[in-house]
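Reviewing the structure listed below.
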């Protein structure tokens, strides 16, 4: 069987890996719109979390398999259609993730000074489409809308000492911008309460222990929560207990190392604001830029619904948060497809990752989801849902289509040349790598 995967992020590679491991004759081609592979592992994982990027080693082994091929610089839907892929392969798996922002739908969200988390993360991680973002960091206060790990990632990058960031693969232009940043205070704002935060304890602990910064948590926000989490699952209980401890901790209780790190410069600070829902981005007097965010204060109500509990939020007042930079750490949008097998006129079309379940979870979530999709493909091969008696040309057919449209794919060996160049540039600067952010420069480097 000849199979193809659209998208070379974790979902795509894990799907390919599982199929190749459990079917000794299958051949899998992976298509990617950028010249470089690995998706959110390269462009979404925070630069100061290099250990998370170690999965690239596994993906590289998959790509080097004799029964796997990588074709970058190919945009499905433009250079080749899904219909054409389905004619060339026995099965097509869509794993291209979420490629658009989910709008808040409030006045002023398009003002200069308001950035989506997707764009901001893409900017400091070298995503080509965000390389010209140029966020204005000339203010002292930034507001991040969201209480997830991405929100904490952004806050950490904004407040981290440059000496730490210089050792990462953050882009050189982003590092230069952060060196000139005036931001010294970050508020992370969420619609719900402390018991509903979406970040994990590892990321929270990193923020609490970030050198040169101090957390500002209101003890009143955590009143009575010790009893509320007694019977909660252990991860939620530990997370809440850490927030309570941090809120009640007095400055004198900080460790000697933390105190030493705070000396010599005014400390930066960050804090969590709960039960606030954004209603409007306020403008400067000339109407040209963001100057603050108007919030609705919310309360949590519990009611029975369909055998379960829902947690609706209702506004009952207003709050204003002055700032000149707003970062919306909200989800990105994708056409959410909830089944591995797509309901269509013909068999052979599948999906995995964020395009299947929405932009949620971490890499291991995507791994398990992708293995599940791959297993669906294998089952359909076994029971004959996929007709492999009919010969399919695979890339041979696609190559002719791409050539006729003037498209030259990038192979995995081409990517390895780009990779080597990035590592060499990074070594010269004392970094793991210096990412090339211009696709045209990547193509020139490999002689395209």
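Note: Cβ is positioned from N, Cα and C throughout, glycine not excepted.
Predicted automatically and left uncurated, TrEMBL annotations should be read as such.
Copied over from TrEMBL:
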- 2-158: domain 'FAD/NAD(P)-binding' (DOMAIN)
- 11, 32, 40, 76, 354, 361, 362, 363: FAD binding site (BINDING)
- 147, 148, 149, 150, 191, 192, 203, 361: NADP(+) binding site (BINDING)
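Around residue 76 (FAD binding site), the same-chain residues at least 6 positions away in sequence with a Cβ under 8 Å from its Cβ are 6, 31, 33, 82, 85, 96. Neighbour counts of Cβ atoms within 10 Å were compared for the binding-site residues 11, 40, 362, and the top value is held by 11. Put simply, the two farthest-apart Cα atoms among 11, 32, 40, 76, 354, 361, 362, 363, the recorded binders of FAD, are 25 Å from each other.
The binding-site residues in question are 32, 203, and the one with the fewest Cβ neighbours inside 10 Å is 203.
Taking the Cα atom of each, residue 149 (NADP(+) binding site) and residue 354 (FAD binding site) are about 16 angstrom apart. Residue 150 (NADP(+) binding site) is 16 Å away from residue 354 (FAD binding site) when you measure Cα to Cα.
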